[in-house]
């Protein structure tokens, strides 16, 4: 009987292969952990590391299984690429925290890598939303300009609102993108300060660098999440088919909880709740605070893996008729050309704005109103409302983005607007034709 394990039917054997590899890893890792416990005197530090390792072994397979399913059913790259990047956050966080818990001396280095990936996740979530909208609604700027003016949320409610349309879209994307620049920059500064001995992580004092970097990171992160929230508020109806609330909460909770619990632990050290009287096997109080943070993250990531399994499910992308290469799906996961293009676009937009040449609005605010322009304006807005009120896609498929769009079933605002425009011009010409005939 010929072997069926060929590259053409890789979907059938890739999942059993991953399961076998994971089981072998468990068989090797568990004895090593037991041997480590027997070799050392078991204390609080070692017990915490062992318990965190149990949660790590529970977390990794859940996350990797969802990632693998997305690779197997990689039918809509525009959406699944950012989803896969977001899903990698849980195993990276969990493994990073477990290593830092075991080796406190290198915690500063592995934790900074984890925090950089946090910014990367926020950027990819914004990319996930914009990719869906631009594929389903090609004239997204047109839709934004037709909407009512959105005011800022507190505490920015006193600031003038951003103009609807391209300005709002650009500033929301730029607000998220700035965090992906600020966070790696502050991470490099933190590493330099650690080498110079002036970082002093976990100690709230204006004589060290850690306090200032925490403030900068916090402000940048809050503004990025604010831009995400404002973007969702404006396009809530258009985003409803992909159920973004659960996805937004998953990203927001992981990012905010990990950050603020570090701040709370640092405050406990500052007020003396965590003191030098009980450092266990750690050398300093700050090392105790960092170890406690890493231990809690290992537990939280198990819960986050379960939440990601349901909120970022692969099931809407299952299309058995779609065949793809195993290597193409795997390599696409590491492709970052979209990030390069997005950064280039934002830089060009900033350059146009600085030079005073922004793009013209599709709906000018100051224009002479007459019967013809009013009719065209109302017709265009009707076209937008028609496209925006399209029924949600059937279960199991997200219609309207990627290569699943079919012109016969998914009309775009551009086509509808052209049809209305041609009909309007035709009606305008009818009286003149009749006068000629008479």
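These residue numbers are counts, starting from 1, taken along the chain as shown.
Cβ atoms are placed via backbone N, Cα and C, with glycine included.
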Query raised in the report: Considering the residues 344, 378, 417, 422, which is the one that Swiss-Prot annotates as phosphoserine?
Result: 422
Report summary line: Among 17-37, 122-142, Swiss-Prot marks as transmembrane the stretch 17-37
Query - Segment assigned the feature transmembrane segment in Swiss-Prot (from 149-169, 212-232) - result: 212-232
Report task. Could you tell me which of the ranges 179-199, 347-367 is annotated in Swiss-Prot as transmembrane segment? Result -> 179-199
Query raised in the report: Ranking 48-68, 86-106, 179-199, 212-232 by Cβ pairs under 8 Å to the transmembrane segment (287-307), which is first?
Result: 86-106
Report summary line: Long-range Cβ contacts under 8 Å made by the transmembrane segment (48-68), restricted to residues 6 or more beyond its ends, are 14-15, 18, 22, 26, 29, 33, 37, 84, 87-88, 90-91, 94-95, 97-98, 101-102, 291, 294-295, 298-299, 301-302, 305-306, 308-309, 312-314
Report summary line: Residues outside the transmembrane segment (212-232) whose C-beta sits under 8 Å from one of its C-beta atoms, at least 6 past its ends, are 115, 119, 122, 125-126, 129, 150, 152-153, 156, 168-169, 171-176, 178-179, 182-183, 186, 189-190, 193, 206, 239, 244, 248, 252, 255-256, 259, 263
